[in-house]
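Structure, as structure tokens:
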Amino acid sequence: MSNQTIGFSGSSRRPSTGGSPKSAINETIRVVCRLRPSLPMDAPKVSSPRDGVGAATFITPESMGMGGASSYESFVSNFTPEGNLTYSKNWGEEVKSFKYSGCVGPEVDQEELYSKQIKDIVSGVMDGYHGTILAYGQTGSGKTYTMKGEGDASAGVIPRSLRDMFELASESVDDITFSISYLQIYCEVIYDMLDTSSRKVLSIREKDNRLYVENLTEVPVKSVESCLELIKEGDMKRATASTLLNAQSSRSHAALLVTVTRRKKADKAGKATACVSNLVMVDLAGSERAKQSGAKFQQFEELKAINLSLSALGNCVSALAADKTHVPYRDSKLTRLLQHTLGGNSRTAMVVCVRPGNDDAGETYSTLMFAMRASNVKVLAKVNTVLDYEKLYKDLQLNLDGSGDDVHRMELEVVNLKIELEKAKEATQVAENQRGALGKRLEMSERGFQASLAAAGGEDNGDLVEAIEGVSEKWQQEVEAIQQEYVKEIEALKMKHDQNLKAYKAAANSANFDTEEAGFELERAQKGHLETLENVTSLTEKLREVEKENSGRIAELLDELNAKILLIEELQGGREKTEKAHNKKIMELVMRLEELEEVQQSQKADMVSRDAVLEMETLFSDTVEKLMHRVNQLEGKAKENREVEQIGNKHVDQKIQQSRQKNSDPHAMALLAQMEKNAGGVGVRVEPGRLRARNGRKQAF
């Protein structure tokens with residue numbers, strides 16, 4: 001286990017464009033759009049723009065039975081290897097142009113994609129730059145195939161990158177080591193793919209502006225085969241599921257981290273440096289719609305987590321592209337891990353995968369828009385050189401061991417020189433003693449010779465005396481010359497020994513000084529490590545306290561977010577129902593309009609000419625005049641009848657009054673009987689001033 005770094009050191013804000021270091025690379029995220037070949041499941045559904053109101057519908061010549069056209073013509077009308085792409089929808093009514101670092105079609109194989117778009121980033125990792133490669137796109141668009149591939153001929157980005165890295169390491173004279181880590185983010189939880197003993201949930205930590213995953217397994221590797229074997233074992237733990245869009249859909253984000261450590265020899269100042277760089281290769285889970293993929297139960301929860309993290313990634317990219325001061329990296333574990341990759345200290349390439357099919361047009365357009373924003377994000381990558389404490393410690397230890405040997409050797413040589421010096425002193429003393437002895441002998445010889453001369457008595461032996469004195473003087477000169485030469489040799493030997501002794505003493509002092517300096521340097525390094533460990537411990541405790549305080553709030557926010565997502569989905573369901581009802585109402589209105597058109601047509605068929613209408617109006621006017629004349633006549637007769645009736649009623653009233661006055665008038669009674677007889681037994685009620693029949697009809701006299 002180790003606290004493995006998966007982020008990169010450096011600022012997570014977008015770098016400025018000026019004043020960068022000489023070794024820094026100032027560029028934008030490299031975006032490559034890859035168009036996947038058509039598959040049987042991508043067969044387009046033939047429809048017409050009239051099938052739905054406001055629906056984006058796409059028909060290709062192939063789907064209409066004309067043949068010879070790719071499904072991409074339904075929305076991608078044109079693209080070039082230089083990265084120019086034109087997207088159209090709604091039968092060409094809406095056209096959008098995009099510009100990326102490159103576009104590759106179905107005819108481009110894995111080798112060409114890697115060599116043209118990815119290989120230089122991998123080479124940069126070997127030179128000390130961080131690198132990141134992302135595969136983004138809808139479910140079933142070819143992301144996993146792009147990253148891993150199948151077999152040797154169709155190998156993807158990951159195996160090709162590993163092969164290049166080990167090949168470059170074999171050609172280098174520096175000491176290069178590799179280690180890998182493998183993790184997945186499933187439903188916003190990080191799991192270690194290389195830990196076979198447990199299924200621990202890992203946490204993200206931050207130290208010295210560097211993000212890392214605590215207790216993430218880091219395995220040293222020495223060959224490509226061992227790397228691929230570890231990846232294969234890790235893939236067996238990855239969450240996958242079968243959906244309507246993909247038989248083996250990835251339900252998690254998978255990230256492979258390759259750490260490269262390049263150690264160089266110590267420089268003249270004794271500093272040992274190392275380049276530690278990371279290559280992060282991420283296979284993102286695909287975006288999808290629940291209705292389209294048929295996700296239910298657990299798959300639906302996975303879908304929500306995937307779309308949430310991808311939405312957070314899109315928000316971060318949008319904020320970076322707009323150069324905003326706040327970038328919401330903490331909204332998701334994915335964006336938190338990629339914090340220094342997005343707009344930070346890493347050369348980044350994003351392969352945006354697009355799948356054909358008319359039903360995928362909306363997702364394709366969203367993917368292309370995301371890729372366009374990502375292509376505007378700037379990064380500033382630099383060589384990541386650190387002080388190699390491990391090598392420095394080993395070198396200091398070797399220096400200490402070597403310095404100890406040198407000091408011991410020099411001490412032995414000093415002792416030997418001292419012994420030789422004592423011997424030289426003894427030899428000098430012997431020579432001095434011999435010289436003194438010779439001088440005494442010479443003096444005694446001279447005295448004996450003088451005594452002999454005196455004994456010889458006289459001047460007669462003058463020649464002999466001169467001869468003896470000459471020989472004696474010559475012998476004395478030779479003796480003095482020999483003595484002087486011997487003294488010179490002794491002094492030269494003494495001087496030589498003194499010089500050697502001084503040199504050895506200076507070397508010993510220098511070795512002692514270097515040893516002391518190395519000891520001081522080692523002590524300072526140890527103190528630095530202790531201080532770093534203390535800071536790490538303190539920061540770890542503080543971070544745990546902060547996480548403990550924020551865990552409850554984060555859970556509440558996640559619950560609120562899930563509730564909002566459910567509400568949005570319910571609103572979307574209600575919107576679909578409203579649209580269906582709206583469409584039904586429109587169809588009813590269309591049918592009613594057609595009925596009205598039929599009625600109008602029938603009315604048009606029943607219409608007569610204008611002359612006939614005028615003739616009918618004239619006839620109608622004449623008839624009305626005649627009727628009015630007849631009505632006037634009838635009203636006149638009715639008036640006359642009313643006057644006669646009034647006169648008759650008045651006459652009858654007079655008669656009845658007279659009859660009442662007489663109380664019994666035979667004539668009146670006879671008149672009433674005659675009236676009942678004439679009425680036919682209907683019954684007549686006589687009232688003052690009028691006569692009425694019981695059946696409501698008037699009977700006039």
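Quick reminder: no glycine exception, Cβ is built from N, Cα and C everywhere.
Annotations in TrEMBL come from automatic prediction, not curation.
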Correct range for region 'Disordered' (source TrEMBL, candidates 1-23, 323-345): 1-23
Candidate ranges 211-238, 239-266, 267-294, 407-434 [criterion: TrEMBL lists as coiled coil]: 407-434
Conformational class of Gln138 (ATP binding site) under the three-state DSSP mapping: strand
Model confidence over the coiled coil (407-434) (mean pLDDT, whole number): 68
Where Lys143 (ATP binding site) sits in the secondary structure, as DSSP reduces it to three classes: helix
Neighbouring C-beta atoms (10 Å sphere around the C-beta of Gly137 (ATP binding site)): 26
Which of Gly142, Lys143, the listed binding-site residues, has fewest other Cβ atoms within 10 Å: Gly142
